[in-house]
Amino acid sequence: MLIWLNRDHINRRAQGGYRKWRADNPWVFSSFQNQTSVSSIGLPKAQSLIWPSMEASQTSNGTTLRHAFGNVLSFFILILIGVLAFSIRLFSYESVIHEFDPYFNYRVTQFLTKNGIYDFWNWFDDRTWYPLGRVIGGTVYPGLTLTAGSLWWFLNSLNIPLSVETICVFTAPIFSAFTSWATYLLTREVKGAGAGLTAAALIAMVPSYISRSVAGSYDNEAVAIFALIFTFYLYIKTLNTGSLFYATLNAIAYFYMVCSWGGYTFIINLIPMHVLLCIVTGRYSSRLYIAYAPLVVLGTLLAALVPVVGFNAVMTSEHFASFLVFIIIHVVAFVYYIKGILSPKMFKVAVTLVISIGLLVCLAVVAVLVALVASSPTKGWSGRSLSLLDPTYASKYIPIIASVSEHQPPTWPSYFMDINVLAFLVPAGIIACFSPLSDASSFVILYIVTSVYFSGVMVRLMLVLAPAACILSGIALSEAFEVFTRSIKFQLPGLTGPSQVDAGETSSESTVPQNEVPKTKTDKGADTLKERPSRKNRKKEKEPVEKPSIKSQIEKRLLVLPFEGSILAIFLLVLLGAFYVVHCVWAAAEAYSAPSIVLTSQSHDGLHVFDDFREAYAWLSHNTEVDDKVASWWDYGYQTTAMANRTVIVDNNTWNNTHIATVGTAMSSPEKAAWEIFNSLDVKYVLVVFGGLVGYPSDDINKFLWMVRIGGGVFPHIKEPDYLRDGQYRIDNQATPTMLNSLMYKLCYYRFVDTDGKGFDRVRRTEIGKKYFKLTHFEEVFTTHHWMVRLYKLKPPKNRIRGKTKKSKAGGKLCGRLSVISYDIYTETLRGQGLWRE
């Protein structure tokens, strides 16, 4: 304590001793007097001559405290980002499952928690795809179900009695927080903690991700996006460290991604593309090998354990790129190995041999792959993959894929809606990744390029683009703030002194060590002691050259902008961020949080709730037999099975195109023919969705042309032009007779004219063409309050065959016994013979 109290006195005495030493040794000082100041060349200060260890300890303690404070602050910021990601997804109308697919996942999770994992793997569901059924355990990605089931089991083991429905509703918001933290880890590996925090905050609010992760959105993407980003993080971590531990974790994370979503093929193609890019650009290293080779081997073996994938992990074209790059990287690794142990002359001979053998192996592998691909009608690709490679493929050959709204290409406003201002920051982030270009930053650039292409083909894949856009936007904002704040800090001496600027700024940005002075034209002090300068150099020494200041040297090395411009730029960036936050909150509250099963509408007299779907399913559950079969378009299959507990003919799995085409044909046919088809499938009730009264646009009339196209793809007598008038789809008095007589038209518009006396359709904004008609083979049993869901029951056969001729009676009896496809061939035969009557 006494030493510290007398520190100033001792320092003053030390300074006097230093001046005496300089006077006694003028030759030492003269060699440095033309170079720079004493302090700038690294000579210790007076106090450090007496207390060198104390000075160093103070500096190290200050640095340690700053790092510790920064880590603690980053931790609390990440906690707040997680809270933000969770809370912004709770604008839902109530705690209810959203959309269509989540109801199937909810039903499967209920079965898992009630019956256990073994019964889940062996579950044959006879309430879907009647009369075919479906093996659930072998046709679903189990990651979401197992995650929610494990969470339910864990909470119940802690005596926290939450229902399965509550767990399913909040799974997506919980994992959105995990996604934000995974994004921070990934971006930190690329460009540092500042960029990581910014990217985490952006992805917590980005509307594209909110649309698939709000409370109640219990779909595969709820956990898959976290698995996607975390797999990428572990790959980059392994690439930066070369650790086998992280490589093993990377394979496990990839396995979780395979269990969660079919989009895992994006990972197993993007990473090989990056590895090949590194090899081609001469960036091969042992770290690259460790990051890739274990992933292919372990990841493929683990992926084959998932029943829905199985041998597809090695037999389909989506995985062949990874195997081809796996061979290439081993060839390159072997070349680098023999280069280190052979002489240059022997190395040339060995390289020629290795390349020859490698080419032969690659050709053999390619030949095998080509043979496998050629043996498949789709060349080894799935329908959705072919739709990504050829955007016109689905519309030409698989209309069932093209009929899904989320498989349509996006419009330009969709990008502004889903990623907002990030679309303008992404180019700046790409430029920042090139300074300097590393393996990690090149991966992020490749990620954004591929995701932009795929999102332009399928609007659903905007979800894959969103994380990449947030990462690059976070890098861009972080770099911009660093430049602007550094410019302000540099031009305000009150904030930092010159010594702090020199020590802090130059050490982080310049390659020159902190205790070394950058050499200029006059920086020759130390060199003159080692070598004799030339005459030319001696002449230059005599010339009076003004020594550039430390500040001017820093300005040359660092980008320093004008003070006023930096202030204005920061203000504009803050305004941009505020606009982004407002847009994200609006999108979460108004656009993406409203459940599709419960619709709301705001008007001058208050909030209106349209709960027709649950009303219809409740009626089915309470007023029909347990074994009754319900026919509807495939969009409503999952909800009917989960909420009404009734058997359906088709559902959202869409695995059997012929079965769906059969339902589409029935909806497109006249009432009598439709009755025959539904009766052959033991259907008791038909459900249609109609929005003409309240203006609900996603009804069956708007989907009807897809029913015609899908049905016509299997049954040729259904032709789309028969339902169009001069190429236009109409339901007014200009509609075609085929359209007006179709079952879908009759079931939707039956008694519709009684609502307003005119039959005005608020969705199509026109009066219907055929207003007054009666149903012969169907009877209305229930219509919801707002006419959004209508249920009809098939009349018994005796009402159909009364008064018929023997030929028609025989035909009707035979049709009831034939399968649907045989029935179609039989009706075509009767039409050709003139014996069929519509």
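Every residue, even glycine, has its Cβ placed from backbone N, Cα and C.
According to TrEMBL, the feature transmembrane segment maps to 68-91 (among others).
According to TrEMBL, the domain 'Oligosaccharyl transferase STT3 N-terminal' annotation covers 72-472.
Sequence-distant contacts of the transmembrane segment (135-155) (same chain, at least 6 residues past either end, Cβ-Cβ under 8 Å): 105, 108-109, 111-113, 117, 120-125, 162, 164, 167-168, 171, 218-220, 222-224, 227, 256-262, 306-308, 653, 655. Here TrEMBL flags 135-155 (among others) as transmembrane segment.
Here TrEMBL flags 167-186 (among others) as transmembrane segment. For the transmembrane segment (167-186), the residues of the chain that approach it from at least six positions outside its boundaries are 78, 81-83, 85-86, 89-90, 95-97, 102, 105-106, 109, 144, 147-148, 151-152, 155, 193, 196-197, 199-201, 203-204, 209-210, 212-219, 222-223, 225-226, 229-230, 232-233, 236-237, 467, 470-471, 474, judged by C-beta separation under 8 angstroms.
Under the heading transmembrane segment, TrEMBL lists 192-210 (among others). Remote same-chain partners of the transmembrane segment (192-210), defined as residues 6 or more beyond its termini with a Cβ less than 8 Å from a stretch Cβ, comprise 70, 74, 77-78, 81-82, 84-85, 88-89, 176-177, 179-181, 183-186, 225, 417-420, 422, 462-463, 465-467, 469-471, 473-475, 477-479, 481-482, 580-581, 583-585, 587-588, 591-592.
If you look at the transmembrane segment (222-247), the same-chain residues 6 or more away from its ends with a CB under 8 A from one of its CBs are 143-144, 147, 171-172, 175-176, 178-179, 182-183, 185-186, 189-190, 209, 212-213, 253-254, 256-257, 260-261, 263, 266-267, 271, 285-288, 290-291, 294-295, 439-440, 443, 447, 463-464, 467. According to TrEMBL, the feature transmembrane segment maps to 222-247 (among others).
Summarising the annotation, TrEMBL assigns transmembrane segment to 253-277 (among others). Within its own chain, the transmembrane segment (253-277) is flanked in space by residues 141-144, 146-147, 220-221, 223-224, 227-228, 230-232, 234-235, 288, 291-292, 295, 299, 302-303, 305-306, 309, 318-319, 321-322, 324-326, 328-329, 384-385, 442-443, 446-447, 450, 454, 464, which lie at least six positions past its ends and keep a Cβ under 8 Å from the stretch.
Feature annotation from TrEMBL assigns transmembrane segment to 289-314 (among others).
The transmembrane segment annotation in TrEMBL covers 320-338 (among others).
Annotated transmembrane segment per TrEMBL: 350-374 (among others), in sequence order. If one looks beyond the transmembrane segment (350-374) by at least 6 residues along the same chain, the residues whose Cβ comes under 8 Å of a Cβ in the stretch are 315, 317, 320, 323-324, 327-328, 331, 334-335, 338-339, 342, 380.
Look at TrEMBL and you will find 415-434 (among others) tagged as transmembrane segment. Long-range neighbours of the transmembrane segment (415-434) within the same chain, counting only residues 6 or more positions beyond its ends whose Cβ lies under 8 Å from a Cβ of the stretch, are 190-191, 202, 206-208, 211, 441-442, 444-445, 448, 462, 465-466, 468-477, 479-480, 576, 579-580, 583-584, 587, 591.
Within its own chain, the transmembrane segment (441-459) has Cβ neighbours under 8 Å at 190-191, 232, 235-236, 239, 266, 270, 273-274, 277-278, 281, 283, 387-388, 391, 405-410, 414, 426, 429-430, 433-434, 465, 468-469, 471-472, 475, counting only residues six or more beyond its boundaries. The annotation transmembrane segment is assigned in TrEMBL to 441-459 (among others).
Marked as region 'Disordered' by TrEMBL: 496-548.
Residues or ranges marked as compositional bias 'Polar residues' by TrEMBL: 505-514.
Residues or ranges marked as compositional bias 'Basic and acidic residues' in TrEMBL: 518-548.
If you look up TrEMBL, you'll see 558-582 (among others) marked as transmembrane segment.
The DSSP breakdown of the domain 'STT3/PglB/AglB core' (627-686) into helical (H, G, I), extended (E, B) and coil residues amounts to 33 helix, 10 strand, 17 coil. Using a Cβ-Cβ cut-off under 8 Å and counting only residues 6 or more beyond its ends in the same chain, the transmembrane segment (289-314) has close neighbours at 121, 137-142, 235, 238-239, 242-244, 247-248, 250-252, 254-255, 258-259, 264, 268, 271-272, 275, 322-323, 325-326, 329-330, 333. Here the transmembrane segment (558-582) has long-range neighbours at 202, 205, 420-422, 477, 480-481, 483-488, 490-492, 505, 509, meaning same-chain residues at least 6 beyond its ends whose C-beta is under 8 angstroms from one of its own. For the domain 'Oligosaccharyl transferase STT3 N-terminal' (72-472), the mean pLDDT of the prediction comes to 90.
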